[in-house]
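Asks: A single structure is presented below for examination.
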Amino acid sequence: MFAEFGVLNYLTYLVGAVFIILVPGPNTFFVLKTGIAHGVKKGYLAAAGVFIGDAVLMFLAFAGVATLIKTTPVLFNVVRYLGAIYLLWLGGKMLYAVLTQRDGQSDASAEPASAILKRSLTLSLTNPKAILFYVSFFVQFIDVNAKTPGVAFFILALTLEVISFCYMSFLILSGSFVTRYVKTRKKLAKLGNSLIGLVFVGFAARLATLQS
């Protein structure tokens, strides 16, 4: 399938892409957390930031910028530490909100839509693991001798975005269901926010020790 456009082993790529999307990451937890805290509409807004960020990284990978980052330790470390600091800030902010929240106080602040979009976009763009993925994974399924390697790259990128959209939709709708359940269970909501905050801190620690 799509071999005429320079795509190699598309079905193998499709299966691999599904499993990769299903692996939890910072973007996954941010979208889930947003869906739980702010509802479906803002959950999709968070997902939109992820989609835009992924599209930018895929374009940079195709343009060769991602390879430059991968092979230049200084650039890789800059992206890596920026991402780790941002994840640590997000996790710390969530934990602080839980610790300072008073009983009976609502934990769902009216966070502006623009802030949610910026956060999810920043999470995507400061993830060097995604950069390494697009360089190392995509290249295995593109015939470099094809007349239209750009079309092949676009097909692979679009496939990944569609799979990601389906998975993010599941997370957002699940988060909306969870919201209705925990509205009257404040201790459970606090526990959930604490766990997600700790997950972000854990991702920050792992990202800080990532090697190119």
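Even glycines carry a Cβ here, placed using N, Cα and C.
Among the features that Swiss-Prot reports, transmembrane segment is placed at 5-25, 49-69, 81-101, 122-142, 153-173, 188-208, with the record citing sequence analysis.
I would like each feature placed in context: is it buried or exposed, what are its neighbours, and how far apart are things?
Replies: For the transmembrane segment (81-101), the list of distant contacts is 26, 30, 33, 107, 119, 122-123, 126-128, 190, 193-194, 196-205, 207-208: same-chain residues at least six beyond its ends, Cβ to Cβ under 8 Å.
Taking Cβ pairs closer than 8 Å, the transmembrane segment (153-173) reaches residues 2, 5, 7, 10, 13-14, 17-18, 21-22, 28, 31-32, 34-35, 40, 43-44, 47, 50-51, 54-55, 58, 62, 138, 141-142 in its own chain, all 6 or more past its ends.
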Asks: When you scan the chain for residues with a C-beta under 8 Å from the transmembrane segment (5-25), skipping those not six or more beyond its ends, what do you find?
Replies: 127, 129, 133, 137, 140-143, 146-149, 151-152, 155-156, 159-160, 163-164, 167, 203
